[in-house]
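Asks: Following this message is one structure expressed as structure tokens.
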Amino acid sequence: MFESVYNLPEQIQKAYEIGKNISVNVKAEDIDKVVITGLGGSAIGGNLLRVFVLDKCKIPVIVNRDYVLPAYVDSKTLVIASSYSGNTEETLSAYQDAKAKGAKIIAITTGGKLKEFAEKDGFDVITIPSGLQPRAALGYSFIPLLMLFVKLGLIEPVDDQIEETVKVLSDLRERYKPEVPEEKNLAKRLTLKLWNKLPIIYGISGTTEVIAERWKGQICENSKSPAYFNVFSELNHNEIVGTESPKHILGLFEIVMLHDTEDHKRNAIRMDITKDLIKGVVSGVNDIYSIGNSRLARMFSLIYLGDYVSLYLATLYQNDPTPVKKIDILKNKLAEIKD
């Protein structure tokens with residue numbers, strides 16, 4: 001897993017090359033909404049895309065994480081079925097639902113039943129390289145979708161942003177890699193603060209919300225320890241009140257607040273006020289800021305730090321970050337149960 005994380009800049013570059021060669025039959029004038037259906041690591045790519053194009057794409061982009069699709073899916077809907085393995089049962093079910101509803105479908109996968117079904121049914125397939133854990137293939141599950149939106153004319157070209165992202169991540173890995181000592185390594189310093197604590201990751205709606213979710217997922221899957229996330233300003237309308245009792249539990253909370261230059265000004269203010277309200281109640285509050293000029297580079301700079309933190313936590317807990325045994329057991333048990 002360390003190798004996969006280290007190689008993310010190269011993965012993004014390869015994913016960009018895949019994206020440049022995408023050719024699909026779908027036309028922008030034939031669709032009025034996009035639904036990206038997937039789970040886990042595959043869904044994160046779609047959710048990142050949703051946030052990235054939020055103020056750029058003129059049609060709705062929705063992420064679906066279920067066996068079925070919403071009732072509004074119809075012949076004017078582009079359904080992107082994303083499953084790294086190609087065998088995710090919820091995604092396969094949603095694919096069949098999309099087909100039944102007459103939607104336009106594009107699959108993004110390494111193979112499996114999803115590729116088999118899509119090719120048999122005459123739908124476009126974006127094939128990405130196999131051999132990784134889905135969560136380690138974020139570049140492959142996100143960048144081709146981004147390039148697809150460019151090809152369809154739904155957003156402006158992003159070539160310069162991808163180039164900067166590769167450069168920023170290449171620089172950051174030289175700061176975060178295992179050989180760099182703690183005093184010069186932000187990833188290691190933050191990991192030590194989260195170790196033997198309960199990490200709570202806070203993002204901001206429209207900018208870092210999905211990145212906070214990614215941090216949570218990476219900590220859970222890689223370090224095999226619990227983590228949670230929430231989003232401003234919603235958490236100011238409920239969760240903030242739950243910081244009075246029980247004090248012995250709250251004292252284990254280590255908060256990470258993710259900041260970006262495009263955060264809504266009022267949400268940035270909310271973050272500062274919230275920090276003052278919970279200091280002294282929780283174990284600590286850590287402010288983490290994005291790096292880079294373009295939106296894409298800044299997003300991935302935060303993602304990359306979270307990836308490294310999750311791996312260093314796994315090391316401290318003496319857990320192998322790669323296997324996800326409980327997910328495998330769950331899938332096997334589900335496979336034994338027929339409807």
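Including glycine, each Cβ sits where the backbone N, Cα and C put it.
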Asks: According to Swiss-Prot, Gly41, Ser42, Ser83, Ser85, Thr88, His237, Lys331 bind D-fructose 6-phosphate; so which of Arg135, Arg173, Arg175, Arg189 is the extra one listed there?
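Replies: According to Swiss-Prot, the candidate sharing the D-fructose 6-phosphate site with Gly41, Ser42, Ser83, Ser85, Thr88, His237, Lys331 is Arg135.
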Asks: Please list the DSSP helix, strand and coil residue counts for the domain 'SIS' (22-164).
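Replies: Its residues divide into 61 helix, 26 strand, 56 coil.
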Asks: How many angstrom lie between the most widely spaced Cα atoms of the D-fructose 6-phosphate binders Gly41, Ser42, Ser83, Ser85, Thr88, Arg135, His237, Lys331?
Replies: 38
Asks: Given a separation of at least six residues and a C-beta threshold under 8 Å, show me what packs close to Ser83 (D-fructose 6-phosphate binding site) in the same chain.
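Replies: Once residues fewer than 6 apart are set aside, Ser83 (D-fructose 6-phosphate binding site) is near Gly38, Leu39, Ser42, Thr91, Leu92, Ala107, Ile108, Thr109, Gly112, Leu114.
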Asks: Arg135 (D-fructose 6-phosphate binding site) has how many other Cβ neighbours within 10 Å of its own Cβ?
Replies: 25
Asks: In the structure shown, which of the binding-site residues Ser42, Ser85, Thr88 has the fewest Cβ neighbours within 10 Å?
Replies: Ser85
Asks: Which residue, of the active-site residues His237, Lys331, has its CB surrounded by the fewest other CB atoms within 10 A?
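Replies: Minimum Cβ neighbour count within 10 Å, taken over the active-site residues His237, Lys331, occurs at His237.
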Asks: Expressed to the nearest Å, what is the distance separating Lys331 (active site, proton acceptor) and Thr88 (D-fructose 6-phosphate binding site) at their Cα atoms?
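Replies: Counting only the Cα atoms, the answer is 9 Å.
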